[in-house]
Amino acid sequence: MPPTMTEMWATMGSTIASFMFIWAIISQYCPYEVRRSFEKYTQRFMSFFYPYIKISIHEFTGERLKRNEAYADVEAYLSANSSKSAKRLKAEMGKDCTKLVLSMDEYERVTDEFRGAKLWWVSSKVVSPTSSMGHYHEQERRYYRLTFHKKYREIITEAYLRHVVKEGKEIRVKNKQRKLYTNSPGYRWSSFKTTMWSHIVFEHPATFETMALEPEKKHEIMEDLVTFSKSKDFYARIGKSWKRGYLLYGPPGTGKSTMIAAMANLLNYDVYDLELTAVKDNTELRKLLIETTTKSIIVIEDIDCSLDLTGQRKKKGEKLSDDDEKKLDKEISWREHKEEGSSKVTLSGLLNFIDGLWSACGGERLIVFTTNYVEKLDPALIRRGRMDKHIGLSYCSFEGFKVLAKNYLNLETHPMFDTIRGLMRETNITPADVAENLMPKSPSYDEEKCLSSLIQALEEAKEEAAKTAGEEFTEKAEKEAMTAGDPVKVL
Ligand SMILES: Nc1ncnc2c1ncn2[C@@H]1O[C@H](COP(=O)(O)OP(=O)(O)OP(=O)(O)O)[C@@H](O)[C@H]1O
């Protein structure tokens, strides 16, 4: 008599229970090595009968230093293809901030088909405990796992994966929202305090067209940038990492920050605004810089202040000007106030990164330093090869004014332009000041009021310059008289 259904279930239940009992005995009494070998051989044995192949694509490669490009490509591919079939999705704001973009949530599974092959994608993560500087914390590593039948091995490993990466890249370019990253203190992997990148969408409207700059200079810089962005093969051929350093220098308000925004808009790059004073030491600096992505501009503004070069000069025994002394005192009290101790990022730490580590983190990066005092910088920092192109930005020229008049007032010519041209020859004014005067202050402001306001500002600047020159002249004459010991002249 064949066994009844109830008997079959009972037999199966007792077999499973016996197996679990035996396994519990083995786990308890067998040495670890024996158990490991048992598991290994069981897995090998099972794989003879298991007809599926699995491929994992992890978010980070190496010691969690670098984001895996392939992971980002798969993520983009799946977000475009999975939203129709996945049941659990996560939503993020899209490029134009009007539409939510859906992608598959963690532990979700979706199916795909390619040339008759059926395959499955699962998004998952492993959480493992790690320790750093005596702190224990949990580290999450996300990954996608692709499963398919072994008979499709060739199609999948050759054609399908290429198709996923290609399509994923295209989607990423299309959806790319440019980002402005800044570094600020935060908690990495839940408990370890460090400085981390956070970002917002980069939407600065500046372009080279709207910049007040001599046309030839503008053209030269644009050409340099575009040539750089198309020179992947060239850099590979000459054996140099694909990066270029720019030093922007000039008085405040001459457009250094504006130019960085114009560069990012021209090349469609992200911007990493690196605040060096918030970086604890060279190790942290290296970590931050390695986390930057390709097609990006890494900016260190006011490099003369950020690197504490003033402090270094004082240590070297150089005499500092009153201004520098004040700046140094302010910096020290600011750091004490923030209880951060002093930042230990050194000039050599920065140089080492610029020179050495670039090659380790891929290419297509610009590094831009800005300063108001180029003469204060250490020559080692700005030598060619590190800062390949030095761009001096200066006071507004008449050509520059014409660009601003077109931008702000939509004026190409006006009878008042001649007066402005004359005054600009005689005195200095920054593009920021010109722009401020051309800005309508009320709805009743017309172009003439704006131009008159600029003329007034130019006249005041001229008077101020004459007064300062006069005072300097008297001071110099007095000093000379003192050294010559002529009390009459001094009086
Ligand atoms: N060359 C320029 N062309 C167009 N606008 C300019 C230019 N320079 C300055 N401006 C205007 O002045 C403002 C301030 O300029 P910006 O911040 O770029 O100057 P900066 O040289 O970076 O100054 P700082 O050294 O103080 O940081 C800008 O928002 C912009 O409107």
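Backbone N, Cα and C atoms are what each Cβ position is placed from, and that goes for glycine too.
Where the annotation comes from TrEMBL, it is an automatic prediction and has not been curated.
A quick note: this is a predicted structure, and the numbers were derived from the prediction, not measured.
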Per TrEMBL record, range annotated region 'Disordered' [choices 33-59, 276-302, 384-410, 465-491]: 465-491
Taken over the domain 'AAA+ ATPase' (242-397), the model's mean pLDDT: 79
Counts of helix, strand and coil residues, the compositional bias 'Basic and acidic residues' (465-481), according to DSSP: 17 helix, 0 strand, 0 coil
